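Feature annotations, courtesy of Swiss-Prot:
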SIGNAL    1-28  signal peptide
CARBOHYD  N41  N-linked glycosylation site
SITE      R66  site 'Transition state stabilizer'
CARBOHYD  N85  N-linked glycosylation site
BINDING   P167  substrate binding site
CARBOHYD  N214  N-linked glycosylation site
CARBOHYD  N226  N-linked glycosylation site
CARBOHYD  N242  N-linked glycosylation site
CARBOHYD  N283  N-linked glycosylation site
Amino acid sequence: MHSPSSTSFTWILITLGCLAFYASLSDAQLTPTFYDTSCPNVSNIVRDIIINELRSDPRITASILRLHFHDCFVNGCDASILLDNTTSFLTEKDALGNANSARGFPTVDRIKAAVERACPRTVSCADVLTIAAQQSVNLAGGPSWRVPLGRRDSLQAFLDLANANLPAPFFTLPQLKDAFAKVGLDRPSDLVALSGGHTFGKNQCRFIMDRLYNFSNTGLPDPTLNTTYLQTLRQQCPLNGNQSVLVDFDLRTPTVFDNKYYVNLKEQKGLIQSDQELFSSPNATDTIPLVRSFADGTQKFFNAFVEAMNRMGNITPLTGTQGEIRLNCRVVNSNSLLHDIVEVVDFVSSM
């Protein structure tokens, strides 16, 4: 049996460990080296899963990038978009900008499971999604960069905020600027570079029908739409056709992450209104030069995109003792107190 003195000493150690643990977390900042010791292979684990997913789903890289974008625009990059419905909150998956369009959730589940097997209770779902977005861009031909990490996961979802914050495909340029500025992305380069995420992936016909047939209730197509491209889109999305049919965002290189999106905008071949607004809106005096610059130089776009991604990834992140590290990205941990105790015991054991 343990003596009372040894038991007391053990609890003192645990208490000191708790204090050190929470003190270390409270000062946490996002850094690319966050998992260098605790989970050094996390990026490779994520990358390998995505490579495997691409064999059966060529759209998955674009879908994961979109998930990350829609996560960060709603209460910051906290993996709240991954949560399912509960009796306490409604899922963001049913928001107007996500319902029947956001995809890739099973892939994120598989990535998280693989990461958990390698590094239990270590890497948050928010960081898993952030790393997955970066790897997806690179696997599609885009830039590679070291992602600042150290985010924690939210304890709830924010359906109303998702409906309020997510930019819509019919937004005008002033509306786009307001939506981006609301979350701290107030530079024209943020808007133009991040919109370049539409250089790959697909969109449903239902989001462009008004542009093709009845723009602003005029009974006419959007006048900023290239007439040849208009006819191509009308063939793919007939007036009384299936509006769930998928159309490529980029008619030139639909599966490659490159700068052709901006070349398309210069030729009035942006698929959705909010894209073409960057070049054709009367208010586009500060975005047109950026579109031209990115169309002329891939590296200029890549550099601006990486900077904007890091700025977006830093929107009010949960760090330190905030939130939790979810074990299953779809649900909050069933007993957060027990989970905290396990984290503390692990920390003390490593001292």
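The chain as shown is numbered from 1 upward.
Placed from the backbone N, Cα and C atoms, the Cβ positions cover glycine too.
Just so it is clear, the model here is predicted, and its values are computed rather than measured.
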In all the protein chains shown, the tally of other Cβ atoms within 10 Å of the Cβ of N85 (N-linked glycosylation site) is 13
Round to a whole number and give the Cα-to-Cα distance in Å for the pair P167 (substrate binding site) and R66 (site 'Transition state stabilizer').
12
Among the glycosylation sites listed as N85, N214, N226, N242, N283, the Cα nearest the Cα of R66 (site 'Transition state stabilizer') belongs to N85
Top Cα neighbour of N41 (N-linked glycosylation site) in the set of glycosylation sites N85, N214, N226, N242, N283:
N85
Near N214 (N-linked glycosylation site), which residues of its chain come within a Cβ-Cβ distance under 8 Å, counting only those 6 or more away in sequence?
L220
Out of the glycosylation sites N85, N242, N283, give me the one sitting nearest to N226 (N-linked glycosylation site) by CA distance.
N283
For N242 (N-linked glycosylation site), which residues in the same chain are close in space, meaning a Cβ under 8 Å from its Cβ, but six or more apart along the sequence?
C205
According to DSSP, does R66 (site 'Transition state stabilizer') fall in a helix, a strand, or coil?
helix
Spatial separation of N85 (N-linked glycosylation site) from N283 (N-linked glycosylation site) - C-alpha basis, Å
40
